[in-house]
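Student: So TrEMBL says this about it:
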- 7-209: domain 'Phosphoribosyltransferase' (DOMAIN)
- ARG80, ARG105, ASP132, PRO133, MET134, LEU135, ALA136, THR137, GLY138, ASN139, SER140, ASP201: 5-phospho-alpha-D-ribose 1-diphosphate binding site (BINDING)
- ILE195, GLY200, ASP201, ALA202: uracil binding site (BINDING)
Amino acid sequence: MYEHLTVVKHPLIQHKLTLMRDETTPTNHFRQLLREISQLLAYEVTRELPMENQRIKTPMQEMDAPVLAGRKLALVSILRAGNGLLDGVLELIPSARVGFVGLYRDEETLEPVQYYFKVPEALEDRLVIAVDPMLATGNSSVAAIDLLKKAGARDIRFMCLLAAPEGVARMKEAHPDVPIITAALDEKLNDKGYIVPGLGDAGDRMFGTK
Ligand code: URA
């Protein structure tokens with residue numbers, strides 16, 4: 001069973017994350033690194049997926065071989081930065097169903113405002129992995145998980161690249177049943193709600209905006 005917070009300290013993840021944090025890393029490299037880290041994190045997030053045996057025949061003989069059991073899992077990207085994590089995970093789990101939650105952060109109140117919501121059917125029967133690279137104040141993550149639960153999701157994991165202690169605490173208070181899997185737990189938020197030391201604005205850095 002997962003702890004509320006898991007920091008995946010694998011050397012490959014930590015090395016790639018350092019490259020992503022570096023302000024001189026260009027957009028194309030940043031995106032590639034995010035894709036690679038997302039796959040390494042997905043390995044951890046899916047570690048305990050239920051399995052069942054399927055009868056197959058190898059060129060040598062028949063055997064009962066393990067396959068993933070149950071409904072296809074659902075990946076839910078919290079737009080827009082979530083898409084950077086989504087792409088890599090989808091390469092690893094191509095049969096996953098995909099949903100999107102569109103929330104933007106009001107820069108003054110830092111509160112999330114919803115503008116889009118579309119998720120796969122039967123969420124209650126699926127493992128739902130919500131992805132957003134930056135768990136900062138936790139406001140948008142909590143709002144996204146609220147919406148997913150309203151849509152029926154019961155087994156949710158939250159995967160991010162960086163987390164701030166404030167965001168982790170907020171998630172734990174609002175959604176203690178949702179494990180958080182991250183590559184690093186940073187020091188704090190600044191007065192604009194950015195994670196420090198962080199890596200800046202993840203969306204801008206991955207899409208080359210601003
Ligand atoms: N969103 C980002 O992209 N970066 C932060 O540091 C916080 C929220």
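Glycine residues also receive a Cβ, built from the backbone N, Cα and C atoms like all the rest.
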Student: Which one of these binding-site residues, ARG80, MET134, ALA136, SER140, ASP201, has the sparsest Cβ neighbourhood, judged by other Cβ atoms within 10 angstroms?
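Tutor: Counting other Cβ atoms within 10 Å of each of the binding-site residues ARG80, MET134, ALA136, SER140, ASP201 gives the minimum at ASP201.
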Student: Scan ASP132, MET134, GLY138, SER140, ILE195, ALA202 for binding-site residues whose C-beta lands under 6 Å from an atom of ligand 1 and note them, or write none.
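Tutor: Checking each Cβ against ligand 1, the ones under 6 Å are MET134, ILE195, ALA202.
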Student: Write down the Cα-Cα distance for ILE195 (uracil binding site) and SER140 (5-phospho-alpha-D-ribose 1-diphosphate binding site), rounded and given in Å.
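Tutor: Per the Cα atoms, SER140 (5-phospho-alpha-D-ribose 1-diphosphate binding site) and ILE195 (uracil binding site) stand 14 Å apart.
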Student: Note the Cβ centroid of ILE195, GLY200, ASP201, ALA202, the recorded uracil site, then list each other residue of that chain whose Cβ lies within 8 Å of it, in sequence.
Tutor: PRO133, MET134, LEU162, TYR194, GLY198, LEU199, GLY203, ASP204, ARG205
Student: Quick one: Cα separation, MET134 (5-phospho-alpha-D-ribose 1-diphosphate binding site) versus ILE195 (uracil binding site), in Å?
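Tutor: Between the alpha carbons of MET134 (5-phospho-alpha-D-ribose 1-diphosphate binding site) and ILE195 (uracil binding site) there are 8 Å.
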Student: For ILE195 (uracil binding site), identify the closest of the binding-site residues ARG80, ASP132, ALA136, GLY138, judging by Cα separation.
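Tutor: Closest by Cα: ALA136.
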Student: Take the C-alpha atoms of ALA136 (5-phospho-alpha-D-ribose 1-diphosphate binding site) and ASP201 (uracil binding site) and report the distance between them in angstrom, rounded.
Tutor: 11
Student: Taking the Cβ of ILE195 (uracil binding site) as the centre, how many other Cβ atoms fall within a 10 Å radius?
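Tutor: 27, counting other Cβ atoms within 10 Å of ILE195 (uracil binding site).
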Student: Given the binding-site residues GLY138, GLY200, which one has the fewest other C-beta atoms within 10 angstroms of its C-beta?
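Tutor: Output over binding-site residues GLY138, GLY200: least Cβ neighbours within 10 Å is GLY200.
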Student: Average the per-residue pLDDT over the domain 'Phosphoribosyltransferase' (7-209) and send me the rounded value.
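Tutor: Its mean pLDDT is 95.
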Student: Between GLY200 (uracil binding site) and ASP132 (5-phospho-alpha-D-ribose 1-diphosphate binding site), what C-alpha distance do you get in Å?
Tutor: 14
Student: Quick one: give me the count of other CB atoms within 10 A of the CB of ALA202 (uracil binding site).
Tutor: 25
